[in-house]
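Engineer: The following feature annotations were taken from TrEMBL:
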TRANSMEM  6-29  transmembrane segment
TRANSMEM  41-62  transmembrane segment
TRANSMEM  68-88  transmembrane segment
TRANSMEM  100-123  transmembrane segment
TRANSMEM  143-162  transmembrane segment
TRANSMEM  174-192  transmembrane segment
TRANSMEM  204-225  transmembrane segment
TRANSMEM  234-254  transmembrane segment
TRANSMEM  260-280  transmembrane segment
Amino acid sequence: MTEAQIGEIVTNIATTGLMLIMFSMGIMLRVRDFLNVVKTPLASLLGLIGQILLLPIIAFGICYLMELPSLLAIGLMVLSACPGGPTSNAISMIAGGDTALSITLTALSGIVAFITVPLVMSFSLTYFQMAGMQLELPFIETAMRIFFTTVVPVCLGMYLSGKFSNLKNYRQTIFRFGFGLVITTSLLLLVARSELLGSAQAMFAALALNVSMMGLAYLLGSLLLKQETQVRTITVEVGLQNVSLAIVVILTMLEIPEMFTPTLFYLPIAYVTGFGFAYLMRKRDQQPVEA
């Protein structure tokens with residue numbers, strides 16, 4: 001079996017894993033989740049602006065200030081364009097956030113991702129290309145590939161869960177299996193290209209993106225929103241990216257392992273900061289209120 005054939009198998013496994021993750025997300029969604037934006041317009045708008053606009057801007061600033069090499073910069077920009085998924089919903093719930101708002105943001109940002117991700121990717125490839133690098137990204141083709149990998153499984157999950165109510169009982173199993181496939185492909189890539197973890201720049205860039213966005217989201221939420229539960233949800237949803245989507249996009253569409261490095265570091269960082277934030281919020285809730 002050739003290296004190209006092995007690479008194709010790995011990317012197909014990763015893509016299947018992402019589709020299962022998005023399918024599991026669709027199982028928990030209902031049409032009303034998209035309409036909940038009317039009930040919480042300011043919080044929903046703030047969350048979407050943070051995910052779609054502020055994240056790429058902050059990521060670009062980090063790339064510029066840290067003078068990241070082209071491949072690492074493109075990888076970080078791709079990561080910034082992938083909004084939070086089911087994991088952020090779980091962390092938001094643990095943190096005592098607004099579950100309905102969390103699901104609404106995940107639904108809306110997940111649907112528009114097939115447009116926003118190619119836009120950020122196209123800009124990044126144009127801006128950060130180094131001498132001799134020839135990378136092109138057909139926008140329509142990329143958008144359609146992301147659409148069929150993310151939006152279609154979500155819609156299918158919504159449809160089938162409406163037809164078969166007991167499908168909800170298998171949602172966690174489907175999610176874990178899909179996530180396991182994506183992580184397995186990441187580990188296989190790590191074994192094959194262990195030198196990717198030698199980049200301190202990539203590690204600090206991933207840390208800066210995660211911490212700065214969680215901090216900025218919490219600050220803006222505290223200033224603009226009245227409900228603490230909404231502030232917590234905005235912090236998690238804006239601060240944590242969909243690593244699975246980033247992995248699949250880089251593996252299947254860009255196919256340059258070096259771009260993968262920021263995402264490799266981001267995954268454990270996001271889990272530590274996300275669950276750490278949830279733990280601190282739960283501890284705060286347990287503290288007695290002063291009279």
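Every residue gets a Cβ built from N, Cα and C, even glycine.
What TrEMBL says about a protein is an automatic prediction, not a curated fact.
Help me picture where these features are in the structure shown.
Structural biologist: Remote same-chain partners of the transmembrane segment (6-29), defined as residues 6 or more beyond its termini with a Cβ less than 8 Å from a stretch Cβ, comprise 85-86, 89, 103, 106-107, 110, 149-151, 153-161, 167-168, 170-172, 174-175, 177-182, 184-186, 188-189, 244-245, 247-248, 251-252, 255.
Tertiary neighbourhood of the transmembrane segment (68-88): same-chain residues 21-22, 24-25, 28, 51-52, 55-56, 58-60, 62, 102, 105-106, 109-110, 113, 116-117, 119-121, 123-125, 128-130, 133, 175, 199, 201-202, 205-206, 209, 236-238, 240-246, 249-250, 254, 256, 258-263, 266, 274, selected by CB-CB distance under 8 Å and a gap of 6+ residues from either end.
A Cβ distance under 8 Å defines the sequence-distant neighbours of the transmembrane segment (100-123), meaning residues of its chain 6+ beyond its ends; these are 22, 25, 28-29, 33-34, 36-37, 39-40, 43-44, 47-48, 51-52, 56, 74, 77-78, 80-86, 88-89, 92-93, 137, 139, 142-144, 146-147, 150-151, 154, 229-230, 233-234, 236-237, 242, 245, 249, 253-254.
Tertiary neighbourhood of the transmembrane segment (143-162): same-chain residues 15, 18-20, 22-31, 107, 110-111, 113-115, 117-118, 168, 245, 248-249, 252-253, selected by CB-CB distance under 8 Å and a gap of 6+ residues from either end.
Distant neighbours of the transmembrane segment (204-225): 42-43, 46, 50, 54-55, 58-59, 62-63, 66, 68, 72, 76, 79-80, 231-232, 234-241, 262-263, 265-266, 269-270, 273, 277; these residues of the same chain sit at least 6 beyond its ends, with a Cβ under 8 Å from one of its Cβ atoms.
Within the chain, the transmembrane segment (234-254) has long-range Cβ neighbours (under 8 A, six or more residues past its boundaries) at 10-11, 14-15, 17-18, 21, 43, 46-47, 50-51, 54-55, 74-75, 78-80, 82-85, 87-88, 91-92, 95, 97, 101-102, 105-106, 109-110, 113, 117, 121, 135, 137, 142, 145-146, 149-150, 178-179, 182, 185-186, 189, 210, 213-214, 216-218, 220-221, 225, 260, 263, 266-267, 270, 273-274, 277-278.
Here the transmembrane segment (260-280) has Cβ contacts under 8 Å with residues 71-72, 75-76, 78-79, 87-88, 91-92, 94-96, 186, 189-190, 196-197, 199, 202-203, 205-207, 209-211, 214, 232, 235-236, 239-241, 243, 246-247, 250-251 of the same chain, all six or more residues outside its ends.
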Engineer: In the same chain, who gets a Cβ under 8 Å from the transmembrane segment (174-192) while lying at least 6 residues past its ends?
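Structural biologist: Cβ under 8 Å, 6 or more out: 10-11, 13-14, 16-21, 23-25, 27, 86, 243-244, 247-248, 251, 257, 260, 264, 267.
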